[in-house]
Amino acid sequence: MAKRHKHYNARGGGKSKSKKSKPHGESRQRKNHRGGTSINRNRSELLLGGGDLMNPHQVEDYYFGSTAKKSSLRSGGFRPGRLTEADELDTGRLPSRKRPVEFIKAKELYDPSHDLILKLVKKNQHFDEPNSDGYNSSQSVSLREEEQDGEDEQQDVDTQEIPSKNTTVKIRSDNVVSENGDSESNSSANDAELFYVDMEGEEKTADNYIKTVDVDVQERSLKLNDCTEFQPTLRVGNVELNLKDGGSGSIEVDKPKSSYHPFHSYIQNVMENVQNYDSDDDFDENGNDVEQSFSISSDYEFESSEELITTGGTIEQFDSSMKSLTIEEIPGKTITASLTTKDISQGNSDNSSGDESFGFCEDDFEGSIGKVFVSNIRIGAGTHSYHVSCHEIYGDSEPRWVDDEMMNEIIAEMGLPEHRFRAYYKHLHKSFIEEEEEPEEYADIPFDDDDSDDSTADQCEPFAEDDLGEDLDDLVSYALKYNKQRKIEYHTTSLDIRGKGRNKHLIFDQTAGMDEDIKLMLQNKFATRQINKTKKRRAKEDFLSQSHASSTDLLMKYPYGLHIQNIKDEFDAFYRNDRQSITFPPLDPHGNKIIGKFAYNYFMKASNIGKGKSTKVYVEKTKKTRFNKPAYHIISQLLRKRPVFMRIDQKAPTDTQSTFNRTVRLKVSKENFNISEGQIVGEDAPEIGIDNIGRRMLEKLGWNIGQGLGAHGNQGINEPILAKVKKNKSGLRHTSENQQ
């Protein structure tokens, strides 16, 4: 019989075996055992209060549902006391995006800022009082207006009683303010029927009395421009003015009291240039020195900045005063300068004290300038830079580059007077910049006259001409004599070479007719040339190996092969450094497999790249490499296996192969292993030598050659027992003599 599938059970034929299948027809309404249909309590339109509260099944069906599963999340989905229509249940099953949106108009106007403003108005009532100046602040006026608007909008609260049998309920009702400002009633019923107004009120008792406490509040005068802060300085472009608050909104400007002149710095620079003036062009046409003196005269007296402002002085006055400054040539060697200002006279006095070299003045030791360390100076076209380190200023000993202005602030902070700045900078420049030495001029050395030179030249000329002529004749005669031999061409041939490595030698032709001495000499020269080539090649390889010893490229570092310990060292270095990948030289398949095992135990990833003899192992780090330690117990086992791995893409020389300690087979002749019948064992063994320790002990005990090893009277045999080789199976008594 064919097997029926489960979907046949839901077709109504036969008894349903599936729990999920539903019968056809009126299956949604459960039939009562009395013949009627039971009401679906989940879709009941009656409140639970109208039902039977004593029936636990009805309460359970209402809250949790009888058709729902025990573990269903839909149980308890209805609120008590709510009507559940069929439409609401249908919409409840829909997703949120498909449910209809309902808009409900609020019964009250929600305005939290309005109540907050009213509280602030009551709290700041003392601002409404007039100030000492006789006017009210704008803030108090605005707050009062807002308070009046709030009082107009606020409505009275009525306490109403709804008559019932035994209870009275007080309801606080507020009118709803529409968008146009008109009040609308919540119902169309009459006020007399809905509300009850208590006209008597409540009696005032002692408990309802609220005690009030008078608190003295300090009056605060609010200014019109209270938001503006007073700043003591005013900057306009590059000009900075000091201000004072005069009160009552007035501001005063502080004028500088110190004397100031716009050309003060210019005149001071001119005077310094005049004092330091030194020129090499002060010579006339005949080479005599021209003595000059300069005099700078000025009849203008400097005024303060206040006098300039009051008198309304202009720049033209200063231009006329500058015209009076003249430089005149006066015979004399002294340089004179006359100035009427006090500032320049003081500056000259400072310069006189500042001309002393740094370290020879008492002012140099007033501060702690020795804590400023200057390690280098960069000289520029306009400004210089200094490499300075000062723990007192920066809090550390690290040097940094600073400019001239910052350097002046540092040395001033360390206590060096201003008039010693120049000497300090000279001291720094002399310590770092070496003065160029002028080349020596030999102007004082007298030269010979022309007459003496002519006389010496006349004496040398005849001798030189005679020698030159003789040499030319000899040279011409020698060239003509051997001219024919120079054009002769000689036929050269190279000798043949036979052998490899150290066995290379020359092959001489018997028809060449060479002597034995010449042949031996050529053989020695050829051997020397081969040795020199080998030395040069080894020197080149040693140089390359030393240069690539610290290289990260293993193909250059190991040109012929590497040891098992080298592989471990490379993995250790790669594990500690910041590189992410490494490539090993191409080895044989077993060597590449060993490198893969090393990578696995170091928690790295190994992959083969290339084909054939150029197959290399590419190793890269992974996330596990950082958080795991290598398995050194397994790595130590790998070190005990195959020690040497040669590269398969390079052919190593014979001398290099010996450096890897390769095992070499010994070529032993096979004759020693052929043992014949009747051969005496140890027949060819040598006699025990004198160096043997056992023989020397016996000789000290009195033993001599030819004696036995026994005691006196029983020395034993003098010769050892001979042992013969027996290879056939004929027996011990069978010998070759018996066969005969």
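Including glycine, each Cβ sits where the backbone N, Cα and C put it.
Swiss-Prot lists 1-22 with the feature compositional bias 'Basic residues'.
The feature region 'Disordered' is assigned by Swiss-Prot to 1-52 (among others).
According to Swiss-Prot, the region 'Disordered' annotation covers 67-93 (among others).
Here Swiss-Prot flags 126-191 (among others) as region 'Disordered'.
Swiss-Prot lists 133-142 (among others) with the feature compositional bias 'Polar residues'.
Annotation source Swiss-Prot lists compositional bias 'Polar residues' at 162-190 (among others).
Annotated region 'Disordered' per Swiss-Prot: 435-464 (among others), in sequence order.
Residues annotated as domain 'R3H' in Swiss-Prot: 561-623. For the domain 'R3H' (561-623), the DSSP counts in helix, strand and coil order read 30 helix, 18 strand, 15 coil.
Mean pLDDT of the predicted structure over the domain 'G-patch' (690-737): 81. What Swiss-Prot records for 690-737 is domain 'G-patch', and it gives sequence analysis as the kind of evidence.
Secondary structure by DSSP for the domain 'G-patch' (690-737): 10 helix, 3 strand, 35 coil.
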